[in-house]
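Feature annotations, courtesy of TrEMBL:
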| type | residues | note |
| --- | --- | --- |
| BINDING | A:Thr65, A:Pro66, A:Ala67, A:Gly68, A:Glu69, A:Gly70, A:Lys71, A:Thr72 | ATP binding site |
Number of protein chains: 2
Amino acid sequence: MSDIEIAQQANMLPVFDLAQKKLGIQADDLDSYGRFKAKVSLQVLQQRAQKPDGKLILVTAISPTPAGEGKTTTTIGLSDGLNRIGKKAIVCIREPSMGPCFGMKGGAAGGGHAQVVPMEDINLHFTGDFHAIASAHNLLAAMIDNHIHHGNALQLDTRKVTWQRVMDMNDRALREVTVGLGGPANGFSRTDHFDIVVASEVMAIFCLSGSLSELKQRLGEILIGYSFDGTPRFARELQAHGAMAALLKEALKPNLVQTLENNLAFVHGGPFANIAHGCNSVIATRMALKLGDYVVTEAGFGADLGAEKFINIKCRKAGLKPDMAVVVATVRALKYHGGMALDQLGMLDTHALQRGLENLKRHVNNLQQAFKLPCVVAINHFDQDQDDEIAQVEQAVLEMGAKVVLARHWAEGGKGAETLAQAVVDTLENHAHATCQFLYPDDQPLWEKIQTVAKKLYGAEQVIADSKVMKKLKKFAEKYDHLPVCMAKTPYSFGSDPTMRGVPQPHQLAVRDVRLSHGAGFVVVLCGDIMTMPGLPKNPAAERIDIDDRGVIQGLF
Amino acid sequence: MSDIEIAQQANMLPVFDLAQKKLGIQADDLDSYGRFKAKVSLQVLQQRAQKPDGKLILVTAISPTPAGEGKTTTTIGLSDGLNRIGKKAIVCIREPSMGPCFGMKGGAAGGGHAQVVPMEDINLHFTGDFHAIASAHNLLAAMIDNHIHHGNALQLDTRKVTWQRVMDMNDRALREVTVGLGGPANGFSRTDHFDIVVASEVMAIFCLSGSLSELKQRLGEILIGYSFDGTPRFARELQAHGAMAALLKEALKPNLVQTLENNLAFVHGGPFANIAHGCNSVIATRMALKLGDYVVTEAGFGADLGAEKFINIKCRKAGLKPDMAVVVATVRALKYHGGMALDQLGMLDTHALQRGLENLKRHVNNLQQAFKLPCVVAINHFDQDQDDEIAQVEQAVLEMGAKVVLARHWAEGGKGAETLAQAVVDTLENHAHATCQFLYPDDQPLWEKIQTVAKKLYGAEQVIADSKVMKKLKKFAEKYDHLPVCMAKTPYSFGSDPTMRGVPQPHQLAVRDVRLSHGAGFVVVLCGDIMTMPGLPKNPAAERIDIDDRGVIQGLF
């Protein structure tokens, strides 16, 4: 059965009732969006300010193959597993981006028997958060061009407007555009770009803000461009942040849905994991920690990007501390990292597997040594996996000093993740106090922060950047040396070249550009090409998506 | 008090309870969107297929001034008035467009003590319908450019792509753009345009469709452009309509909210009243007719545009028949039509008022004689109106053979519209069977339809069009001669020149262009400049809109 078929057969319960019964949220603090989606009032956080937090479990992964290794699936399966062994666990994941549903990727709400539902709604529009983020983003863009049109009091240089436009669609034709054509009534023409909504800085800000007032303040701090004399200009100078925050009023309330096994899940916010930090909202995570004893969350891509930013950006800014990590690995991806071709991963090759295990080892070492985070490795089971292969992975992980568990949640749901759940509980009980630490202190200079991440985590021998980049970085350092760095590189390798599998050695990291996300509060470090507006493939999924007279959707897989 | 202040003091009741108690809708057929917004399942229509319809009352108006004459306000006030005198009445109006809220106009959910609430939500995002419409529209646009990029099997001529992009924002910089710049990876560059969402043909289709299957079928019929050999190409040839309909699944369910007096209102769909037909959705109107004894609805602009399209397009396509019309007039607008300057309308000028009454007279005559629709004129009271002026209007209307009532709903709510409500009930009781008729039959040729509207309703002596337009029309006539025409002209005059007030005489109507809305099923007749993407003013309302820490919005007036 396809994911959508499994999802459509789910026995969903009204989320309004589940939230009251399982989490003790009062009816007044819940806004239903249909029967199976709800938003939770931020009051819930204030009411429970004194309550101790639950345990925070980060699900991360080895360097993935293009198909992904099942991080979201494992996050959901683990939470279902924890609930099955009697623990009060809550999922905290990102909202999927709608655009890619019409391309190649299909939905992004888990898979197999480890999904959050209603799957179609979560993938299409959901509760409208991304539309609200797009509106806030594009309102600022309209106000910028309007300001220039009506006299340009801020003397904005149209060549140096850094704020682009966004749309939640895979639309390559919008990557580079000229706006303001057609004569004086349509403003001044200039080059512009559209990003997909998840790449918007408003998305990153939304996910890093702990309250409506922090959100508004950060929106005001957005850098929109530079005036003719080089002065940086900000959204607050256009008085845009009040209206932008008003547009985000409802969106900021975390969304509550359920897993296929009727356990609760927050699905809220979804920034890119390259030019942004790739984690669900701080507000959802904080709320889940007040409502559950165990919170299972994930971060985008492999641990080199996802876990690093989760800790160094999200946790640093929000004052959170993860208690442990689950590292998802698949036999297939390990063999891929050992050098096998994508279309041969079903075949047996113990040497390739052994070589590929080096990738897992570096991630586990990074988490355990660089971040002091206890680890359990979850082998996400695929039908083709051979017992010998699994034994080989288990043996290798034990030698790394970490626990390892085979997880069958994709095929079996929470039942298939009970062993993993038990391993997680055992690990947490052996580590009563979280010892997780940041990789670098705030006061380390920006350039050194980049070097620290590249050398300690990626194993790079050297970081290089041309003089133009270094000059820009020096300029940022004058005022923003205290900010964390947000590394934007390929997820497929520890290096910046996606074809360097396993553990590339020796390698150097080339920084091609740096950008300031002033409102979000980090410096983006671009290593390699980062696509912020995807395109559709020759035969897009949109052609197969359909709906019948009863409203049943098909083709959204 | 401002509109938003009045709205924020409303004593709202849970709409879920109101819908069950007042309209008998079952809980299973309601999806809450928070406590004060709900969507109603289309099942409700099927369940009540055999039930006779309530009375359908169209609220329309004289040719407005730029400030508008209070049509929405009167629609809401009249329904509250009907409920006060013991009738089961329901409001049916359009959803406001979000973009203009940030410009000059402020909200569009009624005004004073005749509003639908929650006002902020209805104006900002509401239940996400317009976002869904924008997504469906832009998905088709992305699929068109993607098709061209990947080999262009349909041989679409990039110079003749007629499908534009949309955004729900006042953004003049997007009126004319070049897309596909930046090299081969970004597709083929071409000129494109963004319209505001309410101008999308998807919006018109959405509002004219009676079911999900009709919606999908119409979406497939959208004309997207022409191939190099001149063959028209349609959305179904890209297999886009299934995914587009899937995106509109939830949006198609009508939205239920309440008036300040806790009476129910459908607020659903909102096409432009110039290039489209300017009425709320067919589904909402049909549902209201099954649930209420009196349904009060409105159509955009004055009766020359709004009532004409309501009858000739919406009612024709949906098999609806209005029972009577309420024509809203204000003393101020009548004086404006009599020649007074906008900033002098507070002053007394009986001659100007008398001259301006000719505008009202033509509208009333049109409705009574051309459409055979019984009329009541509602004088929407303003504080500055003098008793003598009102008496003068009342006298004139009686001479036109219509009822006339002073309505004070803006200041007093439903209580101020009780007299109007009684006049409406009396009128309906004297006309047990609706006799409303179309202005032209389906089989009248397109060019004659245009002439019929222009001469019979606008009082034009002649309709002119250059040979290019005539050629285009002749081409359309080959296949689409049976379609109704959708007149796109200024609302401020019976003619095509907005400065011709009152009843311009003699005048001729110049048709500047014709366009085929193939999916919606009408031919748009453009007379004069029609702006489909507004801009922001020098000091946009967005600068004043703000939200406090408790989530209370201000500045949205």
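For all residues, glycine too, the Cβ spot is worked out from N, Cα and C.
Please treat TrEMBL annotations as automatic predictions, because they have not gone through curation.
Structure coloured by features recorded in TrEMBL.
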residue : record           : Cβ contacts under 8 Å, 6 or more apart
A:Thr65 : ATP binding site : A:Arg332, A:Ala333, A:Tyr336, A:Leu342, A:Leu345, A:Tyr492
A:Pro66 : ATP binding site : A:Leu342, A:Tyr492
A:Ala67 : ATP binding site : none
A:Gly68 : ATP binding site : none
A:Glu69 : ATP binding site : A:Ala61, A:Ile62, A:Val328, A:Ala329, A:Thr330, A:Ala333, A:Asn380
A:Gly70 : ATP binding site : A:Gly111, A:Val328, A:Thr330, A:Asn380, A:Trp410
A:Lys71 : ATP binding site : A:Val59, A:Thr60, A:Ala61, A:Glu298, A:Gly306, A:Val328
A:Thr72 : ATP binding site : A:Ile93, A:Ala108, A:Ala109, A:Gly110, A:Gly111, A:Glu298
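Secondary structure from DSSP puts A:Thr72 (ATP binding site) in a helix. The ATP site, placed at the center of the C-beta atoms of A:Thr65, A:Pro66, A:Ala67, A:Gly68, A:Glu69, A:Gly70, A:Lys71, A:Thr72, has further neighbours from the same chain whose C-beta lies within 8 angstroms: A:Ala61, A:Pro64, A:Thr330, A:Ala333.
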